[in-house]
Amino acid sequence: MRWNKKNVISLVSKSHHLPAPITPPLPEIYRIPNPPPKLPEISIPPTLTLSPSPKHSNFVNFLENNLPHHQTLTPQTLLGFLRSKIRNHPLYAHYDFAVFNWAATLDTFRHDHDSFLWMSRSLAATHRFDDLYRLLSFVAANPCPCSSGIFSCPELEPIFRSAIDAYCRARKMDYALLAFDTMKRLIDGKPNVGVYNTVVNGYVKSGDMDKALRFYQRMGKERAKPDVCTFNILINGYCRSSKFDLALDLFREMKEKGCEPNVVSFNTLIRGFLSSGKIEEGVKMAYEMIELGCRFSEATCEILVDGLCREGRVDDACGLVLDLLNKRVLPSEFDYGSLVEKLCGENKAVRAMEMMEELWKKGQTPCFIACTTLVEGLRKSGRTEKASGFMEKMMNAGILPDSVTFNLLLRDLCSSDHSTDANRLRLLASSKGYEPDETTYHVLVSGFTKEGRRKEGEVLVNEMLDKDMLPDIFTYNRLMDGLSCTGKFSRKQVRML
């Protein structure tokens with residue numbers, strides 16, 4: 001087939017219309033119902049005008065160079081063209097449905113399940129809901145791609161499922177229900193419970209719990225067994241609307257029906273309780289989770305800690321974490337850095353250190369941020385020696401500090417006449433791979449100058465010289481002169497060296 005302007009104009013002019021059904025009118029049961037009374041305003045992707053233009057010529061060349069001849073066109077080769085040539089094209093991506101429709105008009109071509117599924121997903125992903133509706137109408141009004149004599153086929157479910165999901169995400173619940181009912185008739189069987197869950201979740205996200213519950217009840221009438229996801233969706237809906245009694249009733253119903261709650265079920269309830277200030281109920285639910293043998297997740301711990309801290313109960317959060325540790329249910333990946341930050345913010349750095357050491361001792365290695373936060377908290381609260389001891393421990397464990405935290409700690413040690421301890425930390429850090437900078441050396445030299453330790457200071461100045469940290473000889477002489485006059489300067493003068 002040779003592409004020309006007439007072909008292109010014909011293709012584009014039909015870009016919004018699938019070909020007429022290829023079979024006589026079907027019984028009403030197979031027809032998709034009329035759309036909801038009020039059609040939403042849908043923005044249709046721009047198309048080429050019907051008058052010849054340079055764009056037509058470019059599109060002709062594009063099709064001639066990339067689309068297989070119509071006599072050899074198969075669903076697989078068409079899909080290859082749509083995926084590799086059209087899908088990400090900056091100018092022609094929105095013509096995929098037009099090409100899809102054109103192929104359906106060829107006598108030698110018949111779409112299969114894969115091509116319908118790909119087109120359904122493409123239209124859904126790009127929010128072309130009008131075209132998606134037309135595609136589903138065509139599927140409903142024509143025989144199954146399997147055979148021209150089949151109108152009911154379970155393989156049609158994935159085609160409709162992608163559309164239902166897109167409608168639910170866009171809060172177009174009338175269209176989602178329409179597609180669901182049509183799919184249910186066409187597959188001549190019971191849809192997968194996941195499709196029911198999609199519709200239930202759509203109603204919940206739209207804030208319509210009444211319709212969500214009615215659809216859940218419909219599942220029972222249609223003998224579709226709800227799974228844990230079904231209950232989690234509804235529980236989440238009740239929690240979002242602060243109907244915790246109903247959420248707990250559904251939680252109990254879930255267990256009565258033999259559906260075991262999972263970590264998402266508990267997390268949803270715990271988050272709901274804590275966000276509404278029901279601290280005791282949330283913590284109680286967490287301990288019930290332990291009793292039922294449901295594994296704690298990192299998210300569970302974060303929900304509990306954040307909820308308690310938000311209510312100003314930082315000590316309770318700390319105690320809860322340690323209790324979970326003792327019960328051996330605290331996840332190894334739990335990051336308690338935020339709790340350390342809260343404790344330090346309330347001037348409880350020592351409490352934070354005790355908690356961290358207890359966690360560390362039992363295998364809960366702290367992260368870099370938690371360590372530096374604690375060092376800063378101890379330093380700012382005047383507990384320089386404890387900060388130094390913790391810094392030494394973290395470096396021995398291979399956790400190296402950042403230069404700002406490290407230099408500030410050395411400065412505080414030198415200010416309290418512990419320059420030797422500060423230099424010992426520098427040597428330890430260097431042995432672990434940390435590279436001291438100019439600020440590190442200046443802080444230590446100033447500390448030794450103030451304490452009258454000329455020899456130690458000269459060693460550091462010479463190291464600076466060897467590492468090219470001194471910009472000129474004048475700086476070197478100034479530092480050495482300062483060391484030679486140790487004890488003769490005031491503290492302010494030493495800081496100026």
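Glycine is treated like the rest: Cβ placed from N, Cα and C.
Swiss-Prot lists 156-186 with the feature repeat 'PPR 1'. Per DSSP, the secondary structure of the repeat 'PPR 1' (156-186) breaks down as 28 helix, 0 strand, 3 coil.
If you look up Swiss-Prot, you'll see 192-226 marked as repeat 'PPR 2'. Within its own chain, the repeat 'PPR 2' (192-226) is flanked in space by residues 157, 160-161, 164-165, 167-169, 171, 173, 176-177, 180, 183, 233-234, 236-238, 240-241, 257, 259, which lie at least six positions past its ends and keep a Cβ under 8 Å from the stretch.
Confidence across the repeat 'PPR 3' (227-261), taken as the mean pLDDT and rounded to a whole number, stands at 93. Annotation source Swiss-Prot lists repeat 'PPR 3' at 227-261.
If you look up Swiss-Prot, you'll see 262-296 marked as repeat 'PPR 4'.
For the repeat 'PPR 5' (297-331), the list of distant contacts is 263, 266-267, 270-271, 273-275, 277, 279, 282-283, 286, 289-290, 338-339, 342-343, 346, 348, 351-352, 355, 358-359, 362, 364: same-chain residues at least six beyond its ends, Cβ to Cβ under 8 Å. Annotation comment: Swiss-Prot describes 297-331 as repeat 'PPR 5'.
Per Swiss-Prot, repeat 'PPR 6' is recorded for 332-366. Note on the repeat 'PPR 6' (332-366): residues 298, 301-302, 305-306, 309, 314-315, 317-318, 321-322, 325, 373-374, 376-378, 380-381, 383, 386, 390, 394, 397, 399 of its chain, located 6 or more positions outside it, place their CB under 8 angstroms from a CB of the stretch.
Residues or ranges marked as repeat 'PPR 7' in Swiss-Prot: 367-401. Assigned with DSSP, the residues of the repeat 'PPR 7' (367-401) fall into helix, strand and coil as follows: 26 helix, 0 strand, 9 coil.
Swiss-Prot lists 402-436 with the feature repeat 'PPR 8'. Among residues of the same chain six or more beyond the repeat 'PPR 8' (402-436), those with a C-beta under 8 A of the stretch's C-beta atoms are 372, 375-376, 379, 384-385, 387-388, 391-392, 395-396, 443-444, 446-448, 450-451, 453, 456, 460.
What Swiss-Prot lists as repeat 'PPR 9' is 437-471.
Residue counts of the repeat 'PPR 3' (227-261) by helix, strand and coil are 26 helix, 0 strand, 9 coil (DSSP-based). Within the same chain, residues 335-337, 340-341, 343-345, 347, 349-350, 352-353, 356, 408-409, 412-413, 416, 418, 421-422, 425, 428-429, 432-434 sit at least 6 positions outside the repeat 'PPR 7' (367-401) and bring their C-beta atoms closer than 8 Å to a C-beta of that stretch.
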